[in-house]
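Pulled from TrEMBL, these are the features on record:
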TRANSMEM  A:24-43  transmembrane segment
TRANSMEM  A:58-77  transmembrane segment
TRANSMEM  A:89-112  transmembrane segment
TRANSMEM  A:124-145  transmembrane segment
TRANSMEM  A:157-177  transmembrane segment
TRANSMEM  A:183-205  transmembrane segment
Amino acid sequence: MKTDDLIRGLAADTRRERSLESGLARALCIGLAGAVALFALILSPRAGMPGLMMEPRILLKFIVTLSLAATSIWLALRLVRPGADARPLVWALAIPAGALMLGVVTELVVTPLPGWMPGLFGHSAIYCLSLVTLMAAPVLVSALYALKRGAPEHPMLAGAAGGALAGSLGAALYALHCVDDSPLFVLVWYGIAIGFVTAAGALIGRRVLSW
Amino acid sequence: MDDREQRWMQLMQAALGGDQPAYQRLLREIAPAIRSVVERRLWRMGAPTGESEDVVQETLLAVHLKRHTWRVGDPLGPWLRTIARNKLIDHLRRRGRRVEVPVEDFAEMLAAPEERPGTEAEDVERHLALLPDKQRSVIRSIAVDGASVGETAERMKMAPGAVRVTLHRAFASLSARLKADE
């Protein structure tokens with residue numbers, strides 16, 4: 001085919017596409033709706049939940065997970081936009097990481113040594129791992145779907161950002177149910193769960209996000 | 001940012017707003033720029049420069065299908081270079097060649113000569129032949145025969161909206177097929 005002919009054909013395809021931002025926003029609404037439905041089906045908010053939200057250790061869970069989600073959205077959008085540099089944004093990961101570290105240090109200072117380990121292992125570590133992953137799954141699918149409309153230079157990294165986004169939103173949702181409030185628990189078990197979903201996003205992204 | 005990039009940005013903005021002549025003009029202007037950079041790159045690697053038109057066409061297809069990833073106000077140069085480089089790497093990889101392509105090679109794109117005759121390319125043509133009948137006929141009618149969407153709709157006894165949808169799907173599957181042709 002002649003290039004001129006191809007150009008004529010391409011110009012005739014006037015379908016308007018939504019922006020990456022609105023595509024991702026829409027996908028997240030759908031994914032979160034799925035996750036909330038799962039939550040409603042198998043879990044319930046812990047007793048006294050909306051009121052407990054302002055408890056420092058509980059609030060910390062939401063600060064950490066939601067700031068990680070926000071950073072991941074921002075990173076993911078840069079990673080799928082050709083010519084955009086995502087590197088300067090990596091520093092924004094210091095917000096969730098810093099908040100969590102602050103919580104961990106405070107916990108270690110105010111809790112006597114014998115309380116550390118029970119806090120770290122909590123009541124429901126395995127439960128936490130599997131439920132965060134489960135809550136994250138619909139968000140991961142929808143986020144990757146939206147990111148597929150982009151054009152990442154490194155599909156694996158873009159997939160990882162989508163995974164971190166899904167994992168942190170899944171964790172935020174699970175935090176409504178979770179009764180383990182030690183920042184040590186959050187660091188280890190939320191960390192492993194989000195890390196797992198991030199890795200899954202990277203592996204799937206490598207396959208499905210190349211264009 | 002030079003005048004040409006400035007002009008391309010305006011054309012792209014108009015194109016995203018639905019200005020078809022502006023879009024066609026933009027594609028006609030960027031094609032020779034991509035061609036000259038790709039030819040030089042292939043030549044330097046000792047690869048047949050005859051393949052450059054394949055890369056040009058794949059890049060144009062990607063520019064088209066990913067045009068919503070460009071944000072109004074962003075410079076167009078880095079966006080275009082990244083897409084062209086990615087498509088060149090894809091092309092080389094498919095032919096089992098070394099895939100090191102320095103970004104700097106594409107820096108010259110904006111300064112490339114305006115006119116360089118394009119030729120036919122094989123890859124798109126070959127994959128076009130494998131598309132479903134309806135998609136192939138719509139692309140042929142509009143791109144090769146130069147018929148409008150309305151004329152194509154009449155000729156194929158389809159609704160104009162269906163022709164538009166088919167055309168878009170045809171380009172999307174053409175691009176996916178090129179990508180999968182490892």
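Backbone N, Cα and C define each Cβ position, glycine as well.
When the stretches A:89-112, A:124-145, A:183-205 are ranked by Cβ pairs under 8 Å to the transmembrane segment (A:157-177), first place goes to A:183-205. Here the transmembrane segment (A:89-112) has Cβ contacts under 8 Å with residues 57, 60, 63-65, 67-68, 71, 74-75, 78, 119, 168, 182-184, 186-187 of the same chain, all six or more residues outside its ends.
Within its own chain, the transmembrane segment (A:24-43) has Cβ neighbours under 8 Å at 18, 73, 76-77, 131, 134-143, 145-147, 165-166, 169-170, 173-174, 176-177, counting only residues six or more beyond its boundaries.
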